[in-house]
Amino acid sequence: MEMTKSLILFCTALAACLALAAAGWSPGTATFYGGADGSGTMGGACGYDNLYNAGYGVNNAALSTTLFNDGASCGQCYRITCDRSRPGGQNCKPGNSITVTATNLCPPNYALPAGGWCGPGRPHFDMSQPAWEHIGVYQAGIVPVQYQQVKCSRSGGVRFGIAGSNYFLLVNIQNLAGSGSVAAAMVKGDKTGWIHMSRNWGANWQALAGLVGQGLSFSVTSTGGQRIQFLNVVPAWWQFGMVFSTNRNFIR
């Protein structure tokens, strides 16, 4: 009788794993940081600074190097569910899943074997505590998960945060819907043609051009392959440190 019950439980878990794999889910692990209110997750390696102002809020995560992809994953959304079929699954809150945005890097800790949970080759999410507690029991500290990248839903349009110097423009591109992340960007001043930008770090894109005193337009291509031109979205009186919102966003 006990053997039959064990076999049924094993088959149920195996069936659940196969169903998740068929639906495009992948196995990983998840921990949490940032405190009970998530305030310690503000800022980070994507350069979003205040995550509420940037449109992301507290449902965010730092990604291991394998997932972070040198910042190319900044802004992407991941649906995460706790995996009860694997060791540690007893600490899952059954039936719960949550969508988080990639806003930071979880770097390897080489004081631990293989760099710890965020070491090379390991798909790991260091989630904000409020997001993590939606799927796992606090005392556990770490749980096995299944995850998949999903489309992002955002409120409002794409935003451009301006930084740099008189001869160097650094733009943080944030609040993308659809794929959530930027594949390519260009900038145009009132007195210039289109200038190709390159990723500096995280979600910050750079142009080696002096554009102070000029109104700015941007052309952004998402990693979903959609391109949008944001014409005349930054007035000529802009100053470093300002963020400008638009009324357009991506669907892929």
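Just so it is clear, glycine is given a Cβ too, placed from its N, Cα and C backbone atoms.
Residues or ranges marked as signal peptide in TrEMBL: 1-23. The domain 'Expansin-like EG45' annotation in TrEMBL covers 43-157. Summarising the annotation, TrEMBL assigns domain 'Expansin-like CBD' to 167-246.
Here the domain 'Expansin-like EG45' (43-157) is broken down by DSSP into helix, strand and coil counts: 23 helix, 37 strand, 55 coil. Counted with DSSP, the domain 'Expansin-like CBD' (167-246) comes out as 0 helix, 45 strand, 35 coil. If you average pLDDT over the domain 'Expansin-like CBD' (167-246) in this model, you get 98.
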